[in-house]
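Chemist: Take a look at this one; I'll ask things after.
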Amino acid sequence: MYGIEYTTILIFLTSITLLNYILKSITRIMDYIIYRFLLIVVVLATMINAQNYGVNLPITGSMDTAYANSTQSEPFLTSTLCLYYPVEASNEIADTEWKDTLSQLFLTKGWPTGSVYFKEYTDIAAFSVEPQLYCDYNLVLMKYDSTQELDMSELADLILNEWLCNPMDITLYYYQQTDEANKWISMGSSCTVKVCPLNTQTLGIGCLITNPDTFETVATTEKLVITDVVDGVNHKLNVTTATCTIRNCKKLGPRENVAIIQVGGANVLDITADPTTAPQTERMMRINWKKWWQVFYTVVDYVNQIIQTMSKRSRSLNSSAFYYRV
């Protein structure tokens, strides 16, 4: 009898010991797996740059959602500012450390070092082809030039407003503009745009649809063209498609994270003459022409007042964002 009891106790103790060993082994294996996984995650995290992607929006929507202006009560600790200037500014200043100097001056106005970006462009024509607006707030300095007044006005109309655009196939279709907010925007290295209005029988009015030489020329070798024709009338178009892209666009409203500072000139360029443009002269301003150092000093002095007229945006934009595809 005692032998049976001892055997039972021995088997019970052996089972407990074996179970304890199995549990410890499982624990060690799980620890190894978890620690190895965490190590892999840490290593990969240092090697991979995360990227946020947007979502497709309906035709009635805008990729540019305005946020409440946070500049009223707090410094710009979480905002970025892009300052766009012509190359002649840096050429005149001729100082390799001028940007660092301005960054320190912006710091005195509440903009932390690293939050202000300086973007150089060659000229108005080149900038209009690819106006990249990356920051929460974007200030564009444009030196007035009477020979480029039309280019400056069209560029201002483009970047101060949001546009919803579709591609156009001008080889197959006729197009008409439905209302005053409907424009055709052409961009490229060289854009020549010709139009031929059509009657109800699709015959040219004062032109032959088979002969582009008889079309009305509305732009010649320009980099940016905003074409406005008579509403409700079909048009046959001829565009230098090898060097230019044309799109059918609808003006949605003001892009309030952009402001233009005209440097010099007798008057501020007025784009509000367009019936589709709501008055927005507070984001189109002028400062007297001086040396470029004086221009930048003036911008630093008044940057916070300028920002008060703008709204911070939810995302940065590049040139493709001007073309909202359906």
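Backbone N, Cα and C define each Cβ position, glycine as well.
Among the features that Swiss-Prot reports, Ca(2+) 1 binding site is placed at Asp95, Gly206, Thr214, Glu216. Annotation source Swiss-Prot lists Ca(2+) 2 binding site at Gln177, Asp228, Val229, Asp231, Asp301, citing sequence analysis. Summarising the annotation, Swiss-Prot assigns disulfide bond to Cys82-Cys135, Cys165-Cys249, Cys191-Cys244, Cys196-Cys207 and lists sequence analysis as the type of evidence. The feature N-linked glycosylation site is assigned by Swiss-Prot to Asn69, Asn238, Asn318. Taken from Swiss-Prot, the feature signal peptide applies to 1-50.
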Chemist: Nearest to Val229 (Ca(2+) 2 binding site) in three-dimensional space, by Cα, is which of the recorded positions Cys82, Cys196, Thr214?
Modeler: Cys196
Chemist: For Cys191 (disulfide bond) and Asn238 (N-linked glycosylation site), what Cα-Cα distance in Å is obtained after rounding to a whole number?
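Modeler: So the Cα of Asn238 (N-linked glycosylation site) lies 10 Å away from that of Cys191 (disulfide bond).
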Chemist: Could you state the CA-to-CA distance between Asp231 (Ca(2+) 2 binding site) and Cys196 (disulfide bond) to the nearest Å?
Modeler: 13
Chemist: Cα-Cα, whole number of Å: Asn238 (N-linked glycosylation site) versus Asp95 (Ca(2+) 1 binding site)?
Modeler: 47
Chemist: At the Cα level, what's the spacing in Å between Cys207 (disulfide bond) and Thr214 (Ca(2+) 1 binding site), rounded?
Modeler: 5
Chemist: Filter the recorded positions Cys135, Cys165, Gln177, Asp228, Cys244, Cys249 down to those whose C-alpha lies within 10 angstroms of the C-alpha of Thr214 (Ca(2+) 1 binding site); answer none if the list is empty.
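Modeler: Near Thr214 (Ca(2+) 1 binding site), where near means Cα within 10 Å, there are no recorded positions at all.
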Chemist: Cα-Cα, whole number of Å: Cys82 (disulfide bond) versus Gln177 (Ca(2+) 2 binding site)?
Modeler: 35
